[in-house]
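As given in TrEMBL:
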REPEAT    12-54  repeat 'WD'
REPEAT    62-104  repeat 'WD'
REPEAT    106-147  repeat 'WD'
COILED    370-404  coiled coil
Amino acid sequence: QTGRIDKSYPTVCGHTGPVLDIDWCPHNDQVIASGSEDCTVMVWQIPENGLTLSLTEPVVVLEGHSKRVGIVAWHPTARNVLLSAGCDNAIIIWNVGTGEALINLDDMHVDMIYNVSWNRNGSLICTASKDKKVRVIDPRKQEIVAEKEKTHEGARPMRAIFLADGNIFTTGFSRMSERQLALWNPKNMEEPIALHEMDTSNGVLLPFYDPDTNIIYLCGKGDSSIRYFEITDESPYVHYLNTFSSKEPQRGMGFMPKRGLDVNKCEIARFFKLHERKCEPIIMTVPRKSDLFQDDLYPDTAGPEAALEAEEWFEGKNADPLLISLKHGYIPGKNRDLKVVKKNILDNKPAANKKSDLINAPKKAADASNTQNEAKLDEILKELKSIKDTITNQDERISKLEQQMAKIAD
């Protein structure tokens with residue numbers, strides 16, 4: 001829905017402090033996690049057609065941080081696994097389905113964590129911290145696999161993200177306060193694969209990465225432009241493509257998942273740019289004359305199904321994302337709506353409810369097993385039958401009484 005929003009428009013308002021970060025669940029389009037200054041993480045189930053009333057009751061509240069929570073990130077392939085990082089320099093990994101903190105990494109960072117990124121299959125995380133280090137961590141073994149001191153020498157905030165091939169892309173500042181971007185191989189962090197200086201603006205560069213096309217979009221905080229680069233295996237490895245420029249600076253930026261894009265228009269990225277008083281979509285398209293589905297622009301992409309259950313991941317299993325083709329999102333000619341088949345994991349699950357699927361049930365109900373559900377169903381059916389019988393009996397009685405009344409009246 002576009003246009004001006006009414007002042008009384010409903011919001012999600014259960015936190016008691018400002019919300020610092022949000023992340024939509026990759027396996028359920030109705031679920032969003034939020035981290036706040038009130039030291040909690042909350043997981044919300046948004047109604048299918050949006051909010052009609054303000055939402056104050058989260059599905060689950062995750063309490064474990066002692067300071068504000070600035071980062072939340074869902075696991076890319078395991079259902080109901082959520083990572084949070086707070087100003088207590090701790091990273092907690094939760095099983096949202098049971099509301100439990102299963103991994104607590106509280107002694108790896110000595111300073112503020114700027115960002116955390118999962119790798120493609122969610123077996124590792126990388127973090128950028130105020131101590132100028134980038135760390136690669138195996139969360140289940142709770143050990144640091146690789147780290148690099150002074151990734152960028154400047155004192156301003158850095159960002160580090162995993163790419164699909166396992167390399168790490170970082171943005172930061174040089175000692176002369178120039179903005180830099182760099183590419184690293186975590187198996188050998190001595191020297192970067194590539195290091196580029198950009199400009200002397202002081203806005204932190206926020207990287208948005210598309211693993212399908214290997215393009216990184218850099219949105220500077222307070223900039224009015226988005227630069228984009230392609231990452232390849234050949235020198236110079238990070239190739240500048242172009243810059244999108246606009247008049248107004250961005251205060252923040254959101255990124256649409258690939259399966260939400262319009263393949264008819266060769267749309268390869270859609271940003272949601274936050275202004276002071278509005279949110280504006282910015283659409284990146286590749287100019288193509290053909291009306292046919294463009295296979296090279298849309299290789300199979302991560303779909304909405306989780307490859308693993310939370311318990312399997314915590315037990316040590318790994319799995320790559322389950323891919324879907326966007327071809328069925330292509331509708332020739334007249335109809336320009338993108339149709340992506342969405343499965344709502346929370347609502348349309350088969351009867352075998354696993355703990356982790358009961359994200360929208362309170363903790364107590366999370367242990368309710370199948371047999372209980374069946375027993376309840378039987379009970380309800382019996383009750384319905386007895387009510388129906390009662391109604392039939394009463395109907396007969398009423399008709400008898402009516403006949404008697406008619407006789408008396410005659």
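Glycine is treated like the rest: Cβ placed from N, Cα and C.
Bear in mind that the values here come from a model prediction, so they are computed numbers and not experimental data.
Taking Cβ pairs closer than 8 Å, the repeat 'WD' (12-54) reaches residues 1, 60-63, 65-74, 76, 79, 82, 84, 86, 94, 96, 257, 302, 304-306, 342, 344-346, 359-360 in its own chain, all 6 or more past its ends. Note on the repeat 'WD' (106-147): DSSP counts are 0 helix, 21 strand, 21 coil. Sequence-remote contacts of a segment are chain residues at least 6 beyond its ends whose Cβ falls under 8 Å from one of its Cβ atoms, and for the repeat 'WD' (106-147) they are 70-71, 73, 75-78, 81, 83, 85, 87-91, 93, 153, 155, 157-162, 164, 166, 168, 170, 172, 184, 186-187, 189, 211, 313-314, 316, 318-321. For the repeat 'WD' (62-104), the number of residues in each DSSP class (helix H, G, I; strand E, B; coil) is 0 helix, 25 strand, 18 coil.
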